[in-house]
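Feature annotations, reproduced from TrEMBL:
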- Arg128, Gln221, Arg459: substrate binding site (BINDING)
- Glu145, Lys309, 367-376, Tyr378, 401-404, Glu434, Lys461, Glu467: ATP binding site (BINDING)
- Glu145, Asn147, Glu371: Mg(2+) binding site (BINDING)
- 205-306: domain 'Glutathione synthase substrate-binding' (DOMAIN)
Amino acid sequence: MAVPRFEPCISLPLEPSVLEDVVPKAKDWALMHGAAMRSKTNFNPDSLQFAPFVLIPSVFPRKEFEKAVAIQEVLNELVHKVAHDRDFLVENLKSVIEVDEFTNKLFKIYETVYSEGITQNLSLGLLRSDYLLHCAADCAIKQVEINSIASSFGGISSHLGTLHSYVLAELGAGEKLKNLPPNSALEGLCGGMLEAWKLYGQEKAVILFIVEDVTYNICDQRFHEFKIREMAPKVKVIRKTLTEMSAQAKLGQHKELLVNGMEIAVVYFRSGYEPSQYNSSDDWDARLLIERSRAIKCPTIYYHLAGTKKVQQALAHPGALERFLNDADKVESVRDIFTGLYALEFNESGEKAVEMAMSNPDNYVLKPQREGGGNNVYGQQVKEVLEGMRNSQERTAWILMERIKPPVQKSYMIRPGTANSEGQKLVPVDVVSELGIFGAVIGDANKIISNKQVGHMLRTKISTADEGGVAAGLGALDSPYLID
């Protein structure tokens, strides 16, 4: 079947003289409004370059956008309930922890705090559910994954719609601005942290961001810090790496988390989701210390585990959703966004999944238990990787997902150091877009106190690229232009 194609919101290509005028303006707008990152190739903490972005907003069906927005609160509820279901987590992660060292270490922390007794019953989830459009008879959203830790780009994405409003106006298309949906992701995510801070109940306590040793995506993180101070001037945010926490953090008499004498109300993880972010056993000890504390965690260790690919795959099993959602309409709405997800266990269904993937590798994606982009396996490599681990227990740590076939459209990708600079010609390229919807949920094992959909982001990649993570250097920031 031919790949479906959407017509862009502006007729392309643009005249060279128009590009020469609007591209430098758009780059400067991005830089001056914080749609920027630190360079990975020429890192300097005192300088920024604009984050890769798409010049004009990408077309997205309004009906499917609204569906994704509407279902987010159901997904928040689902992840919250999964995170608090010990039997479900243990049963579905038991094969993974035997062969995946990273998930095993996370699980050991979970087992430790569970056996000791959970100190802080409240959890804060700042989630992002990611979708691609899958086009068969028509185009409908299908969930790629749900992120339960370090769900990024809520800050920068809140500014992308305004950038695109500016660009469209510059191109004489001001009448199109009504099709750019408002985006309050930054305010909503920070509102979730502040709600958790209030529930902690200690006015002098601070919010702690756990960050990487070197932060490239600095603007997105700082936007959250600055917005918190703007929304609640009394609330202080501090930043620490796990390594710094191992040296500076301790528990107080009532298990309050203390860092250099400051009591921590909320811990927001922007790091700690992949093995390279733990430098030593001291960093793992710091993660355990945080988990043992009274601070409200975003995420808790069990929320982190609930976001693993294996758990997401387990939710696609017949009857799994009904375990957590007692409303048939909610179950059906979630099932509708799932694509085929398969375990690779050593049983009849696991062998069948391996055979399917090896027979038609282009129709599947292999996913490990990792966040952060750049980890999945595509195309003929699916067959090669499966052949290499077919008889190894290692395969049980991966899941198999049917490959989503999204529509293609033309656009201009604007990247630092390229894109109409130094005489290079800028041409429209085929791109595909991935929609992310943000959610904020707070509660304990028995009750959800707050549950909200708070905003969106759009990432766009060249259609021939398998992955599209902006922070990983594979995609570009975008915003949706809604069509009926």
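One is the number of the first residue shown, and numbering goes on along the chain from there.
Cβ from N, Cα, C; glycine included.
Counting residues per DSSP class in helix, strand and coil order gives 42 helix, 26 strand, 34 coil for the domain 'Glutathione synthase substrate-binding' (205-306). Pairwise Cα distances among Arg128, Gln221, Arg459, which the record gives as the binders of substrate, peak at 18 Å.
Neighbour density for Pro368 (ATP binding site): within 10 A of its CB lie 18 other CB atoms from the protein chains shown. Considering only the binding-site residues Asn147, Tyr378, Arg403, Lys461, Arg128 (substrate binding site) has Asn147 as its nearest partner by CA-CA distance. Arg403 (ATP binding site) sits 18 Å from Arg459 (substrate binding site), taking the CA atoms of both as reference points. Between the CA atoms of Glu145 (ATP binding site) and Arg459 (substrate binding site) there is a gap of 14 Å. The average pLDDT computed for the domain 'Glutathione synthase substrate-binding' (205-306) is 97. Cα distances from Gln221 (substrate binding site) to the binding-site residues Asn147, Tyr378, Lys461 are smallest for Asn147.
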